[in-house]
């Protein structure tokens, strides 16, 4: 099975980018508008400047997060339940939760970000 591609202004093969490149910055997030994984919101905006469409965090039909180390794709619930990859045990940046609204929406929020 082919591994999903991660887009962005990447600085390594583990999904770190020009904007977020600390030791724990090893995830990428799927954007609904592109149906692709981007290292961060800024990378998405700079590379594909269109209205951002977000997935609902409760959508279990499509993986929304990918581990940049082992490339495991996971649901938002699987990702947010732990601060590490369930497959390779790589640690995730706990500060990412401060930006969930840039990537995901809740049931009562609009899909698009302007």
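Numbers here mean position along the shown chain, with the first residue as 1.
Backbone N, Cα and C define each Cβ position, glycine as well.
Copied from Swiss-Prot, the annotated features are:
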ZN_FING   10-90  zinc finger
BINDING   17, 19, 40, 43  Zn(2+) 1 binding site
BINDING   67, 70, 85, 88  Zn(2+) 2 binding site
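Cβ neighbour counts within 10 Å, taken over all protein chains shown, single out 67 as the most crowded of the binding-site residues 67, 88. Note on residue 40 (Zn(2+) 1 binding site): other Cβ atoms within 10 Å of its Cβ, all shown chains, come to 25. Counting residues per DSSP class in helix, strand and coil order gives 12 helix, 20 strand, 49 coil for the zinc finger (10-90).
Shown in sequence order, 8, 9, 18, 20, 38, 39, 41, 42, 44 are the same-chain residues outside 17, 19, 40, 43 whose Cβ sits within 8 Å of the Cβ centre of the Zn(2+) 1 site. Ranking the binding-site residues 17, 43, 70, 85 by how many other Cβ atoms lie within 10 angstroms of each Cβ puts 70 at the bottom.
With respect to their backbone Cα atoms, residue 70 (Zn(2+) 2 binding site) and residue 43 (Zn(2+) 1 binding site) stand 21 Å from each other. If you measure from the Cα atom of residue 67 (Zn(2+) 2 binding site) to that of residue 43 (Zn(2+) 1 binding site), you get 17 Å.
Here the Cα atom of residue 85 (Zn(2+) 2 binding site) is found 19 Å from that of residue 17 (Zn(2+) 1 binding site).
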